[in-house]
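Inspection log for the structure reproduced underneath, given as structure tokens.
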Amino acid sequence: MSQTETQENKGLGRKVQAFGSFLSSMIMPNIGAFIAWGFIAAIFIDGGWWPNKDLSELAGPMISYLIPLLIAYSGGRLIHEMRGGIIAAVATMGVIVALPDTPMLLGAMIMGPLVGWLMKKTDEFIQPRTPQGFEMLFNNFSAGILGFIMTIVGFKILAPIMEFIMHILSLAVEALVHAHLLPLVSIIVEPAKIVFLNNAINHGVFTPLGADQAASAGQSILYTIESNPGPGLGILVAYMIFGKGTAKATSYGAGIIHFLGGIHEIYFPYVLMRPLLFIAVILGGMTGVATYSLLDFGFKSPASPGSFIVYMLNAPKGEFLHMVLGVLLAAIVSFIVAALILKFTKEPEEDLEAATEKMEASKGKKSSVSSKLKGNEDNNATSTTASTSTSENNEEQSEEALLDNYDTENVDAHDYSKVNHVIFACDAGMGSSAMGASMLRNKFKKAGIQDVNVTNTAINQLPSDAQLVITQKKLTDRAIKQVPNAIHISVDNFLNSPRYDELLENLK
């Protein structure tokens with residue numbers, strides 16, 4: 001494969017990963033609403049833990065109206081802040097009302113960003129042409145007229161299209177289930193998780209289809225396909241017993257983080273360092289899906305994150321053992337296959353650190369969790385190697401120049417006299433950045449720094465008045481473009497960086 005083809009494939013991979021990140025940014029902030037709806041449905045509907053006719057009436061409107069509107073608002077807000085979100089929610093009512101018996105999550109995921117983009121373009125056209133003194137009139141009427149038009153478009157045009165798409169997808173899923181072929185989906189899902197497509201598959205396909213199934217059947221097996229912690233646990237237990245060196249030593253902590261914390265990316269490097277282990281996770285995933293399919297098991301709401309604790313909380317009444325069996329059998333099969341591979345195949349020269357770098361490169365960004373598998377010296381060496389790699393294309397080189405211009409790795413080069421707010425930013429604004437912000441808050445508390453607030457957010461939601469932004473190096477250029485007037489600091493990983501101690505000294 002030529003260098004040009006390699007760069008094109010790499011660019012395509014990053015675009016797909018970015019698309020998955022955008023879908024995640026619409027769904028993940030609303031997972032709490034899914035969980036609240038799931039609790040209400042699991043507890044109060046007929047056949048629930050404590051059936052209650054009055055309270056069970058909450059479940060239908062929540063999944064039919066509330067959650068699609070929240071998703072549409074989130075999608076519109078990502079494109080054009082609150083104004084885009086509000087009109088996106090208004091327009092989505094057209095799709096919802098046209099198909100009241102089908103949870104319009106997919107429709108909301110399309111309408112939200114689309115209307116947000118249209119609102120942005122409308123404002124860009126109208127605002128420069130608005131007479132002085134008529135700003136409020138033009139702003140309100142332009143938004144109202146766009147909402148009016150797009151609501152009708154949603155009702156008359158998008159709704160029939162979505163009805164057809166949902167029908168085809170539902171038939172495909174049902175056909176796989178009835179033919180007992182749904183486990184074959186793991187052949188795609190498990191490798192995709194380890195590369196970069198997990199967000200696009202889980203939040204773009206399984207969550208909306210699962211919500212549709214759960215609304216009609218009371219539960220959905222689709223919520224278990226990507227989230228089952230069993231295959232990853234089997235891999236890590238195999239390393240605990242048959243692994244060597246760093247991989248064996250770190251597998252114990254990784255197992256806890258993965259199984260109880262639900263952060264699956266922690267086991268990805270262990271698979272990448274022995275590519276034959278893809279077979280183990282695929283067979284483990286297929287086993288879990290087959291088990292749940294045979295037992296007719298499913299969840300009422302998304303199991304996010306994919307933690308065994310979440311699985312226990314989501315398990316329907318009377319089906320706790322079925323839930324455990326699906327996780328256990330998936331872990332056992334994955335463990336057996338992984339153990340055979342580790343025991344009887346030749347160990348490659350590639351180590352855990354190199355595999356971690358490969359995973360991060362394929363995802364197009366650093367991982368704060370998997371970076372715990374690497375020490376300070378290895379991280380610094382990785383950073384140096386990455387910055388001097390001959391495979392970097394012109395775009396990456398321009399990104400490096402941008403970071404140099406902002407002096408993102410020299411903490412002492414900036415003036416912190418007016419800084420009272422530090423923001424950690426990542427793709428979705430919920431996972432790694434939340435852990436980094438929590439860690440820095442603890443450091444500030446121990447150092448007696450009480451007048452500096454530390455929060456986290458998604459990069460595309462950084463406020464325009466941000467003062468100090470901390471991002472992983474691969475994402476810093478995006479943060480700079482979002483808020484060019486802020487101080488930007490790059491770190492190799494959120495949980496382990498010498499930059500924090502330097503920052504403490506400057507803020508004291």
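The backbone N, Cα and C atoms fix where each Cβ goes, glycine too.
Just so it is clear, the model here is predicted, and its values are computed rather than measured.
What Swiss-Prot records for this protein:
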DOMAIN    420-508  domain 'PTS EIIB type-2'
REGION    355-400  region 'Disordered'
TOPO_DOM  1-30  topological domain 'Cytoplasmic'
TOPO_DOM  53-56  topological domain 'Extracellular'
TOPO_DOM  78-141  topological domain 'Cytoplasmic'
TOPO_DOM  164-172  topological domain 'Extracellular'
TOPO_DOM  194-280  topological domain 'Cytoplasmic'
TOPO_DOM  301-320  topological domain 'Extracellular'
TOPO_DOM  343-508  topological domain 'Cytoplasmic'
TRANSMEM  31-52  transmembrane segment
TRANSMEM  57-77  transmembrane segment
TRANSMEM  142-163  transmembrane segment
TRANSMEM  173-193  transmembrane segment
TRANSMEM  281-300  transmembrane segment
TRANSMEM  321-342  transmembrane segment
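Proximity of distant same-chain residues to the transmembrane segment (142-163), defined by a Cβ-Cβ separation under 8 Å and at least 6 residues beyond the stretch ends, is recorded for 83, 86-87, 90-95, 97-99, 102, 104, 106-107, 110-111, 114-115, 118-119, 122-123, 126.
For the transmembrane segment (281-300), the list of distant contacts is 38, 41-42, 177, 180, 182-187, 189-191, 193-194, 210, 213-214, 217-225, 228, 230-232, 234-235, 271, 314-316, 319, 322-323, 325-327, 329-335, 337: same-chain residues at least six beyond its ends, Cβ to Cβ under 8 Å. Residues 102, 106, 205, 209, 212-213 of the same chain lie 6 or more positions beyond the ends of the topological domain 'Extracellular' (164-172) yet place their CB under 8 Å from a CB of it.
Non-local neighbours of the topological domain 'Extracellular' (301-320) in the same chain are 28, 31, 34-35, 37-39, 41-42, 47-49, 207, 210, 214, 219, 223-224, 226-229, 259-264, 295, 327; each lies 6+ residues outside the stretch with a CB under 8 Å from one of its CB atoms. Here the topological domain 'Extracellular' (53-56) has long-range neighbours at 40-41, 44-46, meaning same-chain residues at least 6 beyond its ends whose C-beta is under 8 angstroms from one of its own. For the transmembrane segment (57-77), same-chain residues at least 6 beyond its ends with a Cβ under 8 Å from one of its own Cβ atoms are 25-27, 29-30, 33-34, 36-37, 40-41, 44-45, 84-89, 91-93, 95-96, 100, 103-105, 107-109, 111-113, 115-116, 119, 211, 214-215, 461.
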